[in-house]
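*Asks:* My questions all concern the structure below.
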Amino acid sequence: MLLTQGLRQAGVGLLTLRRIYCLSRAAHTSAQKVEYKPIKKVMVANRGEIAIRVFRACTELGFRTVAVYSEQDTGQMHRQKADEAYLIGRGLPPVAAYLHIPDIIKVAKENNVDAIHPGYGFLSERSDFAQACADAGVRFVGPSPEVVRKMGDKVEARAIAISAGVPVVPGTDAPISALQEAQEFANTYGFPIIFKAAYGGGGRGMRVVREYEELEENYQRAYSEALAAFGNGALFVEKFIEKPRHIEVQILGDKYGNVIHLYERDCSIQRRHQKVVEVAPAAQLDPHLRDRLTADSVNLAKQVGYENAGTVEFLLDKHGKHYFIEVNSRLQVEHTVTEEITDVDLVHAQLRVCEGWSLPELGLKQDKIQINGSAIQCRVTTEDPARGFQPDTGRLEVFRSGEGMGIRLDSASAFQGAVISPHYDSLLVKVIASGKDLPTAATKMNRALAEFRVRGVKTNIPFLQNVLNNDQFLHGAVDTQFIDENPDLFNLKPVQNRAQKLLHYLGHVMVNGPATPIPVKAKPSSTDPVVPPIPLGEPPVGFRDVLLREGPEGFARAVRAHRGLLLMDTTFRDAHQSLLATRVRTHDLKKIAPFVAHNFSGLFSLENWGGATFDVAMRFLWECPWRRLQELRALVPNVPFQMLLRGANAVGYTSYPDNAVFKFCEVAKENGMDIFRVFDSLNYLPNMLLGMEAAGSAGGVVEAAISYTGDVSDPTRQKYSLEYFLKLADELVKAGTHILAIKDMAGVLKPEASRLLVGALRDRFPEMPIHVHTHDTAGAGVAAMLACAEAGADIVDVAVDSMAGMTSQPSMGAIVACTKGTELSTGEPMSIRVFDYSEYWEVTRGLYTPFDCTATMKSGNADVYENEIPGGQYTNLHFQAHSMGLGHKFKEVKKAYVEANKLLGDLIKVTPSSKIVGDLAQFMVQNSLTREEVEQRADELSFPLSVVEFLQGHIGIPHGGFPEPFRSKVLKSLPRVEGRPGASLPPMDFDCLEKKLRAKHGDDITPEDVMSAAMYPKVFQEFKEFTSNFGPVDCLNTRLFLDGPKIAEEFEVELERGKTLHIKALALGDLNKAGQREVFFELNGQLRSVLVKDALAMKEMHFHPKALKDMRGQVGAPMPGKVVEVKVKEGQKVEKGQPLCVLSAMKMETVVNSPLSGTVAKVYVKPDSSLEGDDLILEISE
């Protein structure tokens, strides 16, 4: 421990200490005339954590402190930690301010500063600054100006090392002044070579060149970096030693010729020649080699009369030979690890030596300096390892550090709300861990890093954690190629950041409104639904147990043998698709699911997946449809799940390769799906057969569904006659369906037609279970389903009462009540609890008021028998008509729907064919066209794309063929698809797709994600981008999800079992210059805030355009920074990989290369332009 510290701890006052000091030095100083000058005030000509480190030492020694700061640093912590703080470099660029010697000296003189500590970087190794201090009568805390000059001139330092007998790396004798000199050196010594800044370190101006073609570019970059960082672009060249260890020795000298070493540090873990992790002492270092390194360092320092702290740096090659690199005549960033293992405060020692104390007087003798344990320093930086350590800037929304035994933190402006600037170094905090040995210190470091919570900017913490867990680091020696040779270090564990992302989402909704499109201006109900009581224990046995035990065939036999009418509950899918625009969230389904499992175990199935719910989950609800299936399956293990499969279209609106449909069914079955209702919108048999085969091969129950239209009880309507449906049923039964279904999407199956159709099917297929689906748009749904049951149907579809009627399914309660006490009875337990079930959904429905069809529709309508609009589409058409300003013309839309259907040849209208008819109908109303006018002008009108693709044959061939001459007039020379659309598509490469997804979204891509991307590439991409920004919004209750919290509202959000967030919305800030509003919350008792872009205000403000990720030719800024040079012009041809421009951020330059070959179409930047990440630099046309 330093002498000063020991005396002060013993209670000796500062004046007494100085008296003792003066009396005790007489003998020691008799031969050497060194004047003792006590220090009262110290300025640190630096910023950030090193300034604070020195201030703390000064405060401990009783010195007053002075900070200087640039205009960009007015909010930085170092100026607040000092007793006084003064602005320097007014009007200068950020770095130039700290290099402006006249301003610094002026502040020192005006404020009676005794000594200036230069810190590291900036002016710390500038001899002219040390001389300027001396000329002004202010002490420089460091070596003399002459020694700084000698050591700062790396060429002269080499010469001194050679004269001291220290081995050196071959290099130039003086800084080079031209590229030609570098070329001559390379010709003499060969590649690789390295450029180094002659007047600074820290990796700035350092570039390795491995071949001649790279020489000029790297020379220019190194010169430019050195000039920006140190005010002088001079470079020298050395032979580059491959895979060396980087070892440095800490030295300390006084004014009396005493020099000691404090052992070595291993700084081999580097990237871009900048140290990332430092260790003291060096692991696996031969003791004899350690002695040579330390002896050479002390001899070199003595030869130049070195005083104060410094570092002698060496390279160790793989043969154990060491080579002198340079002397850093300043305090190093990593001095901390030396302090931890030697118990010497280096900054105290620097200041005392500057006052005139000798090392022996400070208790610093070589034989007293011992290594105690091991220490590691990790530089936590705001850099993204996944993007080549590109600096990240922004606001620290959250900052929580790791602490505890064996941990030391040296930081500056690391606090919540701090703004990370692109102007300076990316260092956020230095974390130092110490222990009895390296593995112990690494364990402590790992634990401390795991405690950090940094939100708002990227950090290198996940990378550092990988380094600390690496066996080579823990148990062997590492070299400077360690990072390059261990690509697994970049297998980064993603940071969840769920809480802060949720605050961003809530703030976004509070500022910009709902994140999902709202059809009508209405607020969700403020009343939350209450789940009825649920019994403890496992739910009763249900039909799924039969399926699991006996397989699909046995399951079908059990259904057919069942006495009474079976029900499928559509509340979890088609009911809310029809009434609430498919917007019901998993959050509300999960709450009631256990109640269904316990009280409705007698259900045939629960329809809860597929169809429109698949893409809407991602597109509008921002949740994963697969996760919905998985979670519901866990909550309802006893009732079979049923999904809607659009034949060869799977759950999409287009054709897919056959293997995509098969793979989809396989993955759905693995995730808990049981019954696949397979249909085709045109009843096109080839499409249906493919879907049936895919579902069957996956092990699912195949329920082939005949899409119903027309009226089999009306002898005048012959296109879709009873005979047509029976022939189609023959083919489906022959193909091996387990269950035969009638899918009446429009609700046009009248009771008499029900008896005719179901009766005929029952007669023809006595052993086949028959399942009927309808909609209650006309109000006759209950009567139709009872007629079906009486005619021999085994299962009918219903929805719980509060979600039934209108365009939904018939009422569950009505069917249950009407069959009670008859041979069709649905069972006693169901009749008891159906009303509790309905009450939950009645309240839940109020949460979805903005989507409720009753906002624009007050009742069903029997005109559906004329227009045949499917239930779900009827609702959506109503919403669309209102949103397009055609609400008052909805009657016309319905009439146009009839005419459009005739134009297209009288189609079966189920998704997607129903959408095609609807698109044509709205097109006709918008353009005031009659059916006759459309037919006459078909060759000149611009029809909706869905209509054109239908006529091309993209969804199959309709019964009776395509309408002519209408089809030929519309298509003209456009290509036509012959036969089944998917048959001509090449197989989908799922391995390739997965690789692309992993490259774009990380390694947490699942097989389910791959299928989502296969079905809906763009929707999945947007979904992943949303969740990346806003996290798991499915854990929010529905009112918060749609409407956000009210100011002062308190609520809880359960992220997972045992992890609950307590949140309170506090305030909404005013608009700032960037078009943002700050939204304030209290999270778990702590103040949090997020900045949210105001979408409305942004439209009125001008901002630099962003590069669109999907546009190949758009080149965006890979990081925030300033444009140093634009290397191309508009109209210039460029090759892939060609440099386009140079960016500078945090004093590090990055060359932006062309991602493709082409021609520069437009350049959006110029030199000195300041850019944010992803700002558009230029566009390239191929």
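Cβ coordinates come from backbone N, Cα and C, glycine included.
TrEMBL: automatically predicted annotations, no manual curation.
Residues annotated as domain 'Biotin carboxylation' in TrEMBL: 38-488. According to TrEMBL, the ATP binding site annotation covers Lys154, Glu238, His273. Look at TrEMBL and you will find 158-355 tagged as domain 'ATP-grasp'. Among the features that TrEMBL reports, active site is placed at Arg330. For 565-834, the entry in TrEMBL reads domain 'Pyruvate carboxyltransferase'. Residues or ranges marked as Mn(2+) binding site by TrEMBL: Asp574, Lys743, His773, His775. The annotation N6-carboxylysine is assigned in TrEMBL to Lys743. Look at TrEMBL and you will find 1112-1181 tagged as domain 'Lipoyl-binding'. According to TrEMBL, the feature N6-biotinyllysine maps to Lys1147.
Help me picture these features in the structure, burial and contacts included.
*Replies:* The number of other Cβ atoms within 10 Å of the Cβ belonging to His273 (ATP binding site), over all protein chains shown, comes to 17.
Of all Cβ atoms in the protein chains displayed, 29 besides its own lie within 10 Å of the Cβ of His773 (Mn(2+) binding site).
Counting every protein chain shown, 26 other Cβ atoms lie within 10 Å of the Cβ of Lys743 (Mn(2+) binding site).
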*Asks:* Given Asp574 (Mn(2+) binding site) and Glu238 (ATP binding site), what distance in Å do their CA atoms have, once rounded to a whole number?
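*Replies:* Pair distance, Cα basis, whole Å: 73 Å.
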*Asks:* I need the CA-to-CA distance for Glu238 (ATP binding site) versus Lys743 (Mn(2+) binding site), whole Å please.
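*Replies:* Cα of Glu238 (ATP binding site) to Cα of Lys743 (Mn(2+) binding site) measures 80 Å after rounding.
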*Asks:* Counting across all protein chains shown, how many other Cβ atoms sit within 10 Å of the Cβ of Asp574 (Mn(2+) binding site)?
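*Replies:* For Asp574 (Mn(2+) binding site), the count of other Cβ atoms within 10 Å is 30.
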*Asks:* In the same chain, which residues outside the set Lys154, Glu238, His273 have their CB within 8 A of the centroid of the CB atoms that define the ATP site?
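*Replies:* Not counting the recorded site residues, we get Gly171, Ile194, Phe195, Lys196, Ala197, Met206, Phe236, Ile325, Glu326.
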*Asks:* Can you give me the same-chain residues 6 or more apart in sequence from Arg330 (active site) with a CB-CB distance under 8 Å?
*Replies:* Pro118, Gly119, Tyr120, Ser124, Glu125, Gly142, Ala309, Gly310, Thr311
*Asks:* Could you give the Cα-Cα distance between His273 (ATP binding site) and Lys743 (Mn(2+) binding site), in whole Å?
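*Replies:* Approximately 68 Å lies between the Cα of His273 (ATP binding site) and that of Lys743 (Mn(2+) binding site).
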*Asks:* Counting other Cβ atoms within 10 Å of each Cβ, which of the binding-site residues Lys154, His775 scores lowest?
*Replies:* Lys154
*Asks:* DSSP helix, strand and coil counts for the domain 'Lipoyl-binding' (1112-1181)?
*Replies:* 0 helix, 39 strand, 31 coil
*Asks:* Could you measure between His773 (Mn(2+) binding site) and Lys154 (ATP binding site) for me? Cα positions, answer in whole angstrom.
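*Replies:* Their Cα atoms are separated by 86 Å.
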*Asks:* Measure from the CA atom of Lys154 (ATP binding site) to the CA atom of Lys743 (Mn(2+) binding site) and give the result in Å, rounded to a whole number.
*Replies:* 85
*Asks:* Count the Cβ atoms, other than its own, that fall within 10 Å of the Cβ of Glu238 (ATP binding site), considering every protein chain shown.
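*Replies:* Total other Cβ atoms inside 10 Å, all chains included: 22.
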*Asks:* How many whole Å apart are the CA atoms of Lys154 (ATP binding site) and His775 (Mn(2+) binding site)?
*Replies:* 86
